[in-house]
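Peer 1: TrEMBL lists these features:
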- 6-157: domain 'PurE' (DOMAIN)
- S14, D17, R44: substrate binding site (BINDING)
Amino acid sequence: MTTSAPPVAIVMGSRSDWPTMKKAADALDELGVAYEAQVVSAHRTPQRLVEFATSAKAAGYQVIIAGAGGAAHLPGMVASMTPLPVLGVPVQSKALSGLDSLLSIVQMPGGIPVATLAIGEAGARNAGLLAAQILSLADPALAQRLDAQRAAQTDSVAQSVED
Ligand SMILES: Nc1c(C(=O)O)ncn1[C@@H]1O[C@H](COP(=O)(O)O)[C@@H](O)[C@H]1O
């Protein structure tokens with residue numbers, strides 16, 4: 001029997017990243033997109049990383065959101081071992097406020113792309129939305145939900161300007 005994974009995998013370097021990465025999960029929940037979240041670390045659990053990344057496509061995932069802080073090698077290492085699109089979220093670090101995370105993720109060598117989001121919770125939310133947008137290319141019902149969410153956002157911004 002084969003079990004198919006949900007369309008989105010959320011991986012993070014540490015449990016301590018979850019308050020940030022939960023924003024990606026929340027965005028996916030709002031849009032009715034299923035996901036699985038787990039801790040995988042390039043540094044602390046390298047074997048687990050290899051197993052996850054090399055089997056992710058066959059498992060049925062379609063998009064991977066990878067968040068990490070500091071020496072944030074996780075997104076790039078995942079990207080090196082899968083053809084799936086990888087969305088990298090720089091988690092805000094204590095020592096350098098996430099600039100270290102951002103630079104670790106964004107400066108990938110040519111040939112192995114990671115789509116890098118903004119530092120912290122806003123970036124994590126956008127990663128969830130971007131994952132949904134990618135999936136919506138082959139899912140008209142999801143595309144409609146995204147359109148409705150955008151329209152509601154536009155209305156609420158317009159309303160707040162008038163208030
Ligand atoms: N950057 C990475 C990786 C990795 O890139 O594989 N694994 C853990 N970490 C990061 O270490 C930070 C501190 O982790 P702890 O809070 O567990 O000490 C986290 O932000 C995590 O993403």
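The backbone N, Cα and C atoms fix where each Cβ goes, glycine too.
Just so you know, TrEMBL annotations are computer predictions that nobody has curated.
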Peer 1: Write out, in the order they occur in the sequence, the residues of the chain not among S14, D17, R44 that have a C-beta within 8 Å of the mean position of the C-beta atoms of the recorded substrate site.
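Peer 2: Close Cβ neighbours, site residues excluded: M12, G13, R15, S16, V39, S41, A68, G69.
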Peer 1: Just checking a number: largest C-alpha distance across S14, D17, R44 for the substrate site, rounded to a whole Å.
Peer 2: 14
Peer 1: Could you check the binding-site residues D17, R44 and say which one's CB has the most other CB atoms within 10 Å?
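Peer 2: By the 10 Å Cβ neighbour count, D17 comes out on top.
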Peer 1: Restricting to the chain of S14 (substrate binding site) and a gap of 6 or more, list residues whose Cβ falls under 8 Å of its Cβ, or answer none.
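Peer 2: Result: V39, S41, R44, A68, G69.
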Peer 1: Need the DSSP three-state call for R44 (substrate binding site) to compare against my parser.
Peer 2: coil
Peer 1: Can you check how the pLDDT averages out over the domain 'PurE' (6-157)?
Peer 2: 98
